[in-house]
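> If you scroll down you'll find the structure; I have some questions about it.
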2 protein chains.
Amino acid sequence: MNKIYNPTPDTWVSILERPTKTVNDIEQTVKEIFTAVQKEGDVAVAKYTKQFDGVSFENIEVTAAEIDAAVASLPNDLKEAIALAKANVEKFHEAQKTTRVSVETASGVQCWQEKRPIQKVGLYIPGGTAPLFSTVLMLAVPAKIAGCGEIVLCSPPDKNGNINPAILYAANLCGVTKIIKVGGIQAIAGMTFGTQAIPKVYKIFGPGNQYVTVAKQLATQFGVAIDMPAGPSELLVVADDTAVPAFVASDLLSQAEHGTDSQVILVSTSKTMMDAVENEIQIQLEVLPRKAIAEKAIANSKLIFVENDAVALDLINEYGPEHFIVCTANNDFYVDGIQNAGSVFIGNYTPESAGDYASGTNHTLPTNGYAKNYSGVNLDSFMKSMTFQKISSEGIQNIGKAIEIMADAEGLQAHKNAVSLRLAQIEKDNRI
Amino acid sequence: MNKIYNPTPDTWVSILERPTKTVNDIEQTVKEIFTAVQKEGDVAVAKYTKQFDGVSFENIEVTAAEIDAAVASLPNDLKEAIALAKANVEKFHEAQKTTRVSVETASGVQCWQEKRPIQKVGLYIPGGTAPLFSTVLMLAVPAKIAGCGEIVLCSPPDKNGNINPAILYAANLCGVTKIIKVGGIQAIAGMTFGTQAIPKVYKIFGPGNQYVTVAKQLATQFGVAIDMPAGPSELLVVADDTAVPAFVASDLLSQAEHGTDSQVILVSTSKTMMDAVENEIQIQLEVLPRKAIAEKAIANSKLIFVENDAVALDLINEYGPEHFIVCTANNDFYVDGIQNAGSVFIGNYTPESAGDYASGTNHTLPTNGYAKNYSGVNLDSFMKSMTFQKISSEGIQNIGKAIEIMADAEGLQAHKNAVSLRLAQIEKDNRI
């Protein structure tokens, strides 16, 4: 662990720098697979599934029988846990519904804004060792509340051509309309172009490895929107002497076990707390099943001592953490002042894992400093805002002159003419 | 003009296809300029300003004296028109403010969502023949309402090293914090990396030619967000016999005068109306100053006859127009049913140019079919949504078990441990 004491502001950018990866090699592979899927559709998808997942099978759409089997196989306590988490995620995202914003900006000029669902969305759920059924909840629940008509889920098959039953269970429970056994670049390409088996979608959500990340970036060049650019997961904790070292250590480790490239930072106004957390990390690390992964992430982690809360807040806003845990005597100061963070966890009994699973907030959050300019996934991520205006003959008389003058000044005579014709007609009607 | 009668749905995609451009040549130029600006800062910016705008000068930041001169030079009627437009845009975007969404998802589990401003934003305003001061209003007004701390505006200088006074006037009026005389790729690169004279920003807004469009795309690879992908402007009008042919023609022409690549479509359930509009277009076209441009766009335009409103609506949703004018006997049917459109203009007295300038809605809208998955610029475009959670010891007891079970099922033991440690501590405290 790297301990840093009182870094001067001119060193913050370099201290807080995230490791960058070159993606040039990957880009070529991704482009090739996109071209193949665009041209050959399901044939190409099957080829890459065999190549990357090592399995071949006929029907890549999950059947009702497969879902039934998954439902039957899942232990009851896990079903109950999922139900509780789903209920909380639902409550929080239901509450994000907005109503039409309507304003008569001038007499006879009625303007309003309405949000309407994105009609077709695609959710990508990675496979691998950790079956991320929690991410199914985080994406499918708001998609359903938003009213998206088509909710497609793609996830890679295992060696036997199956998707983890917990993922199938959650997808079915949350109203996913189609589950496809396809992963990686070929899944993203399939949802971008559409194949016989995979529907084309308008927006793709969800995490993934660097191949999936680059594939999602490429998808945006073909008219598809994505939730946000992705990067390794991050946690920054600010803690003073009111924090509990064992809790802080457990939070930093829960971030560290995600991957060797996870970003883990502790900022503290207490050297005693910094040392105590460091000590606790060593103790807890020993017994973790994913010790090998967490150890590497922890080796790159940073413990930063700063003189006071004001400096700490400035430094944290400069970093813009994905997850931000606040355990200090001045929590309100941080909560009020934080400008750049994905999700904020306040107090000793609010571990990051609460937000990862069950508090109700969304765990799909901006990493890599994107908290400065991107929202985490929320209900609005599944909708788009549209505006409407309805102008009466009185209304156009009220604003028409201004439009004519401005259009004229911008040299757009046809724009002016569209108003002049209408004003002339009204004048003519009035004379009759 | 291309007249199409009763096209079958399987032909819609090809009929409605937008012209695509290859940007490969441009991409190389854009990358070179980005590299130069990243390395050499203002020196490179000055070099490209000389190369592309044909002008050299020392201070690229607009001074207070230049703004004063612009204010003094602008005619009063234009100032009054801008004031009226600004007031309406302010009213409509003020109304879009949202309050904190707060939910106790389980007893002791308080979750809330808050929007906070993006701290540094950049607005790009093109130069050229039409000085788009209206776009200054559309971007700077919501940026100011959102509370963005730094609002930087870049616009290319003319041959004398000046920016059009109407742009300076509007920028100053709307609270832009810094105006920089730099345009094109070098402006976008400057705001992406920051130079001595140009501040680095977190999100870039605004229209531009294809060089600016590609530059904005490239900016996203360096951590900057952009408002939306851009394309040529579009208008689709649906009109039946209740419409006024001269009005419809004037609206189609106001779109057509934007550029030779503008997209203009009329959908109608009346062949009489189609022919009348076609006739009116020819009459009005003759007297337009920008006739040469409008003529080319009109030559590529489409007049599509369909049997009834239901078919029309399906076709329009397939297209997803940027601007959508509805002049029919069944306006409510279209307004309720439209799923994909940037902004909707309802009735005979609501020309598109009203929304372009003064109704209050934003004129920065998704083109090229992006109305299917992107919002037009609105207040939220200048903010990001953050979530917060505060869990009490009671709260973690209510949801802790579910988190433990889910973390365990996902194979993330450290996530589980962060909860288990806290639950154990509470149990210990309770025993005392």
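In case you wondered, yes, glycine gets a Cβ from its N, Cα and C as well.
Per TrEMBL, active site, proton acceptor is recorded for A:Glu322, A:His323. Annotated NAD(+) binding site per TrEMBL: A:Tyr124, A:Gln186, A:Asn209, in sequence order. Per TrEMBL, substrate binding site is recorded for A:Ser233, A:Gln255, A:His258, A:His323, A:Asp356, A:Glu410, A:His415. Sequence annotations record features per position, and here TrEMBL assigns Zn(2+) binding site to A:Gln255, A:His258, A:Asp356, A:His415.
Distances, neighbours, how buried they are, the whole picture for these features please.
In the three-state DSSP scheme, A:Glu322 (active site, proton acceptor) falls into the coil class. The local packing around A:Glu322 (active site, proton acceptor), expressed as other Cβ atoms within 10 Å of its Cβ over all shown chains, amounts to 26.
DSSP assigns A:Tyr124 (NAD(+) binding site) to a strand in the three-state reduction. Using a 10 Å Cβ-Cβ cutoff, A:Tyr124 (NAD(+) binding site) registers 27 neighbours.
Under the three-state DSSP scheme, A:Ser233 (substrate binding site) falls in the coil class.
Long-range neighbours of A:Gln255 (substrate binding site) (same chain, six or more residues apart, CB within less than 8 Å of its CB): A:Ser233, A:Glu234, A:Leu235, A:Ser262, A:Gln263, A:Val264, A:Ala297, A:His323, A:Glu352.
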> Considering Cα atoms only, can you say which of A:Tyr124, A:Gln186, A:Asn209, A:Glu322 is the nearest neighbour of A:Asp356 (substrate binding site) among these recorded positions?
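Comparing Cα positions, the candidate nearest A:Asp356 (substrate binding site) turns out to be A:Glu322.
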> Once near-sequence residues are set aside, which residues in the chain of A:Gln186 (NAD(+) binding site), 6 or more away, have Cβ atoms under 8 Å from its Cβ?
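Counting only residues 6 or more apart in sequence, the Cβ neighbours of A:Gln186 (NAD(+) binding site) under 8 Å are A:Ile33, A:Val37, A:Ala44, A:Val45, A:Tyr48, A:Thr49, A:Phe52.
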> Given the recorded positions A:Tyr124, A:Asn209, A:His323, A:Asp356, A:Glu410, A:His415, which pass a C-beta cutoff of under 8 Å against chain B? Sequence order please.
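The recorded positions close to chain B are A:Asp356, A:Glu410, A:His415.
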> What does the structure give for the C-alpha distance between A:His258 (substrate binding site) and A:Tyr124 (NAD(+) binding site)? Integer Å is fine.
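Just about 18 Å between their Cα atoms.
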> For each of A:His258, A:His323, A:His415, count the other CB atoms within 10 A of its CB; which of these recorded positions has the top count?
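Checking each of A:His258, A:His323, A:His415, the winner is A:His415.
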> Once the chains shown are all counted, how many other Cβ atoms turn up within 10 Å of the Cβ of A:Ser233 (substrate binding site)?
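Result for A:Ser233 (substrate binding site): 24 other Cβ atoms within 10 Å.
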> Compute all pairwise C-alpha distances among A:Ser233, A:Gln255, A:His258, A:His323, A:Asp356, A:Glu410, A:His415, the residues listed as binding substrate, and give the largest one in whole angstrom.
56
